[in-house]
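Engineer: I have a structure I would like to understand better, so I am pasting it below and will then ask my questions one at a time.
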Amino acid sequence: MWQAEVRVDLDAIRHNVAVLGAGTGAEVMAVVKGDGYGHGAVPAALAALDGGATWLGVCTLDEALQLREAGITVPVLSWLLAPGLPLQRAIAADVDLSASTTELLDEIVRATAEAGRAARVHLKIDTGLARGGASAEDWPALCVAAAKAAATGDIELVGVWSHFVYADVPDHPTIDRQLAAFRAALTVAENHEINPRVRHIANSAATLTRPDAHFDLVRPGIAVYGLSPVAGRADNFGLRRAMTVRARVLHAKRVAAGQGVSYGHTYTTSGATTLALVPLGYADGVPRAASNLAPVRLAGANRAIAGRVCMDQFVIDCGDDPVAAGDVAVLFGNGDDGAPTADDWAEAVGTINYEIVTRMGSARVPRVYDGERTTA
Ligand SMILES: *Cc1c(COP(=O)(O)O)cnc(C)c1O
């Protein structure tokens, strides 16, 4: 018997990657950072590889090493590296590293000596996001340093890449500007004898809506998990939402009209009613901001959470509908059964579907996998 669980449909992940792959001639890098957007990095990665992905993308070194420890051998790119990390471990594990600065490139070169092999490097250009990546001014110097390190055999120049500002609005003017800046940076790189095997800039949104941005490799994340990066798409691009979060009602009880509910009594019953207690809270990733707002499916209807979300639990007002301890409350799922989706939660809470799924789960809530499970 279970109390609360995060269910992940691996067949949906497989299907979604196949959909993404069918829409491009480029290779697919499934992004599994953030513990696979909350779905579990290793099972999600394996399902994505089954679906046709040939690369995996993560942020941190530890995320990359976790994939290697699971026996996954495909190329893995790690792109968020603080100074002073044990890069030799990544190089020894054949993890591709992103470099935006000559300082990091120098660190990578020094680490190759200890690793005893060349490092696989992707140079990152900032085309307008103003997050990571070399500025256009610093790009030529980075290219010079990288070409030199490649000539001495310290690094293998695998990729040149960038990231979009606003791809979730498919005709946003920043997209064409960034593509022009990316092409200019590629020309500068070529002038320094840098001819990367993979040029890549497309996230999920650009993978789904901008074939002119696919280059050699696309890097979808959210779409792998079946969620649309573009708001208001009724067809969901043919993707299937992979995560369902649900819990069993612990206790249902009748209360009178005018009863305040949960901390601070921010909700008051309008008539005699049945309250159902659901054992999930903000310690499990349910946003406290969902208090009085987010919908939950219970006893045949979608109902807003009544009162504050607590650390471990929240309450639903079920009126006179029959509800009993043990009934299943669905916070969100694939949307097929009338239950809310992560998109509904994002809208209710004022955030994006990415945050809803990524934050969900805790050590006390098991992740349960449906669908065919593969091993490395
Ligand atoms: C997270 C991330 C992605 C995937 O973005 P989605 O919008 O989830 O498809 C791709 N590239 C980089 C650099 C990222 O950080």
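Cβ atoms here come from the backbone N, Cα and C positions, even for glycine.
TrEMBL entries are annotated by machine, without manual review.
Not my notes, these are from TrEMBL:
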- Lys33: active site, proton acceptor (ACT_SITE)
- Tyr263: active site, proton acceptor (ACT_SITE)
- Arg131, Met311: substrate binding site (BINDING)
- 242-370: domain 'Alanine racemase C-terminal' (DOMAIN)
- Lys33: N6-(pyridoxal phosphate)lysine (MOD_RES)
Engineer: Name, in the order they occur in the sequence, the residues of the same chain whose CB lies under 8 A from the CB of Tyr263 (active site, proton acceptor) and which sit 6 or more residues away.
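Structural biologist: The answer is Gly307, Arg308, Cys310.
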Engineer: Do me a favour and check the Cα-Cα span between Lys33 (active site, proton acceptor) and Met311 (substrate binding site); whole Å is fine.
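Structural biologist: Just about 26 Å between their Cα atoms.
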Engineer: Over the domain 'Alanine racemase C-terminal' (242-370), what is the model's mean pLDDT?
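Structural biologist: It averages 97.
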Engineer: List nothing but the one residue from Lys33, Arg131 whose Cβ has the fewest other Cβ atoms within 10 Å; the candidates are the recorded positions.
Structural biologist: Arg131
Engineer: Please spell out the DSSP helix, strand and coil residue counts for the domain 'Alanine racemase C-terminal' (242-370).
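Structural biologist: Tallied per class, the domain 'Alanine racemase C-terminal' (242-370) gives 23 helix, 46 strand, 60 coil.
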Engineer: Enter the number of other CB atoms within 10 angstroms of the CB of Met311 (substrate binding site).
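Structural biologist: Its Cβ shell of radius 10 Å holds 11 other Cβ atoms.
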